[in-house]
Each structure stands twice: as C-alpha cells, then as structure tokens.
C-alpha cells in the first residue's frame, strides 16, 4: 500500500528555506541512539538527526551557490554528515553554512588561521562561509596552489614538485638559481638549503626569484631589489641562496608576481602589497623605486578580496572575488590599451574592467603578458586585449584592443587555463589540448610542423592553432608557462597531469633543463625534462 492509497500526504523535499539550526532543532536538544550528527567530537551538545530528514542533504547541495565542480566536491565530502566536525556547534548557522565551514577547515591556508582571523576573512568575503569557500577554491584553481608547477622565467627556470621541493636551472649571473653560486647550469638541481620547507608558489623575474612556503613565508634570491628602472640594474648585492624577506614576516603570503619595475604579493586574506615603482604615485603610493618595504595597494581593492595577481612589464592585474561574482581590476601603465578600460591612460589606483559585465563573462583565470593580457571565463571563453603585435591576441590581425575581446576562433573550445608572454599566448582546453598564437621567435609556440631544424617553426601565428607537438605527447596538459620578458628569448613549459614536464623554445642559458648540442640554441619540439613533479 503506497502513501496515496493510505491517505498519507506525499513528502516534498524542495523549496526549503535557508534556516538556522535553532529552527530545526528545539532546545534542549534530544540525544538519538542512531543516525546522529556530532558537531563537537563525541560530546552530546549539537546532536541532531540529519539522516532522519534527507531534505537537509538536498538543501545543502542546492543552496551553496557554488560551481558544478565545487558542488561535486561538496557532495564528495559528505563525511561532514557522518563524522565528527572540527568545530563547536553554532546554532545561528544554517546547515549549508556549516557544510561550507567544514570544507573551509580542510583548506591548507585556512587551517592555521585563528578564530579572529577567520572571522575577519568571513567579513571581508561578504559575511558568509559559502563565500569564503568560493574565495579559497578560486585561489587554488587559478594559481595551482598546493600542486606542482613550472615557471619559465627570463633566462632561468623554477620547478616546484607537489611535495614542495624546488628545482632550478638556467642563467645564474645574479645567483637566481639559489645554489650558493653564480654558475649557470642546464641540469635541474634541487635547492638543498630549503630542505624541511614546503614551497607552494614560485615567481621568476629578470635575475631574481621568489618562493612562498606553506607557512606564508617569502624567500628571495638573486638581485636584492624588487624592481629596476632598466634592464641590467642590480641591487647593492647578490643573494645566492634563498633568504626570508623580513619586511613580509608579518604578512601570510600565498602568491608573488614580478614585473619589470615592481613586485607584488598577495596575502591569504586577499590583500595586495607592492614593492617599488611607487614614485609619483604610479601604484597609488609615493615611494622610491628601490623601496624594499611592502606597501598596501590602495583604492578600490582595499576592502575586496583578491584571489590572483598577474604582473606584466609595467602593470598589474588583480582577479577579485565579490559576492556578486568574479571581476578583474588593473593598475599601472596603459600604453597599448593593456589595462582594458577603452583608453591608453595610466591608472594610479586599481580600476574595475567593466567590459566583462557587458560580455556576461565571469573571469576565472587572468594572465598578464609583457604588453597584452588574457582571461578565461567560467564558461570557457577566452578574452584578450592590449598590444596585438605578431597576432598575440588571436583575432587574426595585429591590431591593438583597448577592452577585452572574445577570441572567436576558440568558440568551439572550452578553455580552463591561459598563459601569456612577450607577444605570445597559450590556451589549455578542458580536454588537455593546447593552442598557441603570436610571435614565433625562438620556436616557443611549438608549431614545428616541418620537423626539427626545418620549416616554419619561427613563423608568427595570428589565430589560435592546435599545438600538434604537444598532442603527440599523449598526455593531458594542465599548465603552460612561458617567458614574460622583453629582454630574453622565450621558452615554454608544458606540465602534464601525471607530473611530466616538457620544454621547448630558447635554451641558450640552459633554461630548458635539457642538454643541447654545441650548435643548438633552441628546441622546436617538446622534450621531456628529467624531473618528476609528482
């Protein structure tokens, strides 16, 4: 006999309002012998029968306002409903807020935060643990935080394994390899002085390197300056082994970005700080070009959390996370329209790029080339803007674009990652295919269709083309990194899902991590670097 014939009304499990626990469980709370939820270890306070009402589970999965992939993660962590949580019950929180807080507890940068710091982050993100979770997940996704990564710097390279070990190779005239000397080396060597320190992020600039540990400490080596007025200018001394940046010891840093005139760092709370290039308020504060003290980036982003920063030659992009969605702000030099505001004027303070709202595009990943920029949207669309020389914008011409413009040639591709360099751009699709366009100098685009040493591998490419040489690797590519400097010949890294690293392009300083023949200065075909990043 079913519910209809028995006269029992059918139970509905939808349109359930987001209500606090106190509305579900009356105080005092009764203890249940079976199917109980312990919010505080094995203590009796906070017990309530989730399994007795399946609609609560549906309610959590439909009210978190997360992306589909994040909902999958949330569903996969339904241990929240089966195991003790790591925090005391809060009867003012809804079930969905409790679930989001439980997932926040599992994030690496959230775990060491004090209760006061967590509440401050919650307030900064919009007053919701669901928004804090979105902020944390967005930062992990666009920066490969806690994952292996490779950085193709100007003349030298850095590789970080998933366990936090660091390898470096290439040019070393300023000690930027961190091995205690100034001798260049094509062989990837682990930086031994970092043993016991887990590195989660790296940044490489002209003659300098910065590394960030899982404890939020920043280590720098090479030139002891954070900016330079022109190529070749160095600090007062060279640092040949990683040294902690003392001026950042009170800031928990999660990312660094190195431009030509300045360096920027991002704190775990989403605040941006910059070194140097502040004279005449070029970055919103009046400091000398060689200033070694971090200055908070003032203006619109003072109270908006940032999840990713990207530095070009003379400008900075910031991917921000707001309750209304993701957005991009730009600051610095506007030549070529690379700030994305429809003009070529400089901006002393971060300014919102409004074009994404007109395109109905939610930015998820941002990349800053030397003179042009790119963004990947949540729907997989790719936008580019700035100097269009050599076709680096992918629009089939060399025109400049002063506002973000969708790359129509990629309309059938769902992109998940983008990388930009000096007039070059790479796009990675969700199925691991790689497309490139722009300047073909140094064979760094990977289009070596005629074979090694022949053909058109140096040709410029005005529209996106599938990189067949990476297709032949028969592995899913998850990250591309390429040289972002106007002074060095470019090289490119492709990192696969299994942790294999492939390199191609200029290798005259050993920056490919591959031994070249005496008459070789570059490689046109991707070649495996002898490092297992997993």
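Just so it is clear, glycine is given a Cβ too, placed from its N, Cα and C backbone atoms.
Record features, source TrEMBL:
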| type | residues | note |
| --- | --- | --- |
| DOMAIN | 148-482 | domain 'RCC1-like' |
| REPEAT | 164-215 | repeat 'RCC1' |
| REPEAT | 216-269 | repeat 'RCC1' |
| REPEAT | 270-322 | repeat 'RCC1' |
| REPEAT | 326-379 | repeat 'RCC1' |
| REPEAT | 380-431 | repeat 'RCC1' |
| REPEAT | 432-498 | repeat 'RCC1' |
| REPEAT | 499-534 | repeat 'RCC1' |
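Taken through DSSP, the repeat 'RCC1' (270-322) splits into 7 helix, 20 strand, 26 coil. Of the ranges 270-322, 326-379, 432-498, 499-534, the one with the most Cβ pairs under 8 Å to the repeat 'RCC1' (164-215) is 499-534. When Cβ-Cβ distances below 8 Å are used as the criterion, the repeat 'RCC1' (499-534) is approached by residues 148-150, 152-153, 155-157, 159-162, 167, 169-171, 184-188, 442-444, 446, 448, 452-453, 457, 469-470, 473, 475, 482-483, 488-493 of the same chain, each at least six residues removed from its ends. When DSSP labels each residue, the repeat 'RCC1' (216-269) comes out as 3 helix, 24 strand, 27 coil, counted as helix, strand and coil in that order.
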